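Q: Handing you a structure now.
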Amino acid sequence: MPSIFSYQSAEVDWCESNFVRSAVIAEYYNTISNVSFFILSPALLYLNRQYCQKRAVPLYFVSGLLLLVGLFSMYFHMTLSYVGQLLDELSILWTLAVAYSFWYPQCYFPKCIKTRRHFFWLTGTTTVISTLMSFVKPTLNAYALNCIAFHLLYLTWRELKKCNDKRVHRMAAVMVMWWALAITSWISDRWLCWLWQAINFPYFHSFWHVLIAMSLLYCCPLVIYFNVSYEMPSFKPKLEYWPSDSWPVVVPYVALEEPHKQC
C-alpha cells in the first residue's frame, strides 16, 4: 500500500499529463500557475493598506491563508499525493471559514446568533466538522467547495440591491466574469479531459488557478467595501483603481475617507 505522502497517491488526477516537463513535478503547469496566489496576497495587503491600518487582523489572516492555498496547491500538483490533495482542499475550506467569520454581515446571522463571537464559534464548529467529513470521500471535496461560491454570489446580489454606487456594481460584474471563466475552466478540465487531450491542450486547470485569483482580486475589495459600510460607520468606503482610473486595465481597492466629525 503506497504512503499517503507518495507521488500519485491522491484520489484525483487532473487532465495535464504527468512528468512531461519535469522528472520531479507531476503536473508542471498546474504547479507553476499557483504563483498567482503569491502575487494576489501581497497585492491585497498593499492596495488595501488603509483598511489594514484600521482592521489588520481580518485581512492579514485571509492574505496569509491565501498564501497557504497557493503553497499547498503547488505541493499537491507537484506530487499528486493524498496528503497534498487534502492540504490543498482544507486550506481553501479554512480560508473561506476565516473570511466568513470576520466579514459575514451581522444582519444575515441566524436568529439564534446574537454576537460576532457566537458566530465565530458557529463557523469554527462547522469548519471542524467539515474538515473531518472531508476524509470520508475526498473526491467530492472540490465540488462541495465550489458550491460555496453560489452562496457568495447570492450575498453579493443582496448587497448590490442596497448599493447605488455604479463603481461597486461594475466591480461585482467583473468579479463574476472572472469567476465564470474560472469555473468554466475547472469544469472543462474535469469533465472534458478526453477532448483537451485529443487536441493536446490539457491545461485548463492551470487557467483555473490564474482566473480564480483574478476573481479574488475583485472579490476581496468588494467584501471589504461592504464590511466598512457595516462595521466602520465613522468611515465612508470609496472604491479606487490602481494604478489610475484612466488605465485600460486596473485593479480595485478600497480607500477610506476621513472620519466624519461628531457634533
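Don't overthink the numbers, they just go from 1 along the chain as shown.
Just so you know, glycine gets a Cβ as well, placed from its N, Cα and C.
Pulled the feature table from TrEMBL, pasting it below:
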type: BINDING; residues: ASP13, TRP14, GLU16, ASN18, GLU27; note: Ca(2+) binding site
type: BINDING; residues: HIS77, HIS205, HIS209; note: Zn(2+) binding site
type: TRANSMEM; residues: 28-47; note: transmembrane segment
type: TRANSMEM; residues: 59-78; note: transmembrane segment
type: TRANSMEM; residues: 90-107; note: transmembrane segment
type: TRANSMEM; residues: 119-136; note: transmembrane segment
type: TRANSMEM; residues: 142-157; note: transmembrane segment
type: TRANSMEM; residues: 169-187; note: transmembrane segment
type: TRANSMEM; residues: 207-228; note: transmembrane segment
Q: Return the stretch with the most CB pairs under 8 A relative to the transmembrane segment (119-136), choosing among 59-78, 90-107, 169-187.
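A: The stretch with the most close Cβ contacts to the transmembrane segment (119-136) is 90-107.
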Q: Other than HIS77, HIS205, HIS209 themselves, what residues in this chain have Cβ atoms within 8 Å of the centroid of the Zn(2+) site's Cβ atoms?
A: TRP14, GLU16, GLU27, TYR29, ASN30, THR31, SER33, ASN34, SER73, SER206, TRP208
Q: Same chain only, please: residues at least 6 beyond the ends of the transmembrane segment (207-228) with a C-beta under 8 Å from a C-beta of the stretch. Say none if there are none.
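A: Distant Cβ neighbours of the transmembrane segment (207-228) are 30, 33-34, 36-37, 39-40, 43-44, 47-48, 51, 55, 58-59, 62, 66, 73, 99, 102-103, 105, 152, 156, 159, 168, 171-172, 174-175, 178-179, 181-183, 185-186, 189, 235-237, 239, 251-254, 256.
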Q: In Å, rounded, how far does the Cα of HIS77 (Zn(2+) binding site) sit from the Cα of GLU27 (Ca(2+) binding site)?
A: 5
Q: Output the one of ASP13, GLU16, GLU27 that, of all these binding-site residues, has the highest number of other Cβ atoms within 10 Å of its Cβ.
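A: In terms of Cβ crowding, the pick is GLU27.
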Q: Rounded to the nearest angstrom, how far is the Cα of HIS205 (Zn(2+) binding site) from the Cα of GLU16 (Ca(2+) binding site)?
A: 8
Q: For HIS209 (Zn(2+) binding site), just count the other CB atoms lying within 10 A of its CB, please.
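A: Here the count is 26.
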Q: So what sits near ASN18 (Ca(2+) binding site) in its own chain, CB-to-CB under 8 Å and at least six residues off in sequence?
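A: Correct list: GLN8, ALA26, GLU27, LEU80.
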Q: To the nearest whole angstrom, state the Cα distance for the pair HIS209 (Zn(2+) binding site) and ASP13 (Ca(2+) binding site).
A: 16
Q: What other residues of this chain sit with their CB within 8 A of the center of the CB atoms of ASP13, TRP14, GLU16, ASN18, GLU27, the recorded Ca(2+) site?
A: CYS15, SER17, ALA26, ASN30, HIS77, LEU80, PRO202, HIS205
Q: Within its own chain, what residues at least 6 apart in sequence put their Cβ under 8 Å from the Cβ of TRP14 (Ca(2+) binding site), listed in sequence order?
A: GLU27, ASN30, HIS77, ASP189, ARG190, CYS193, HIS205
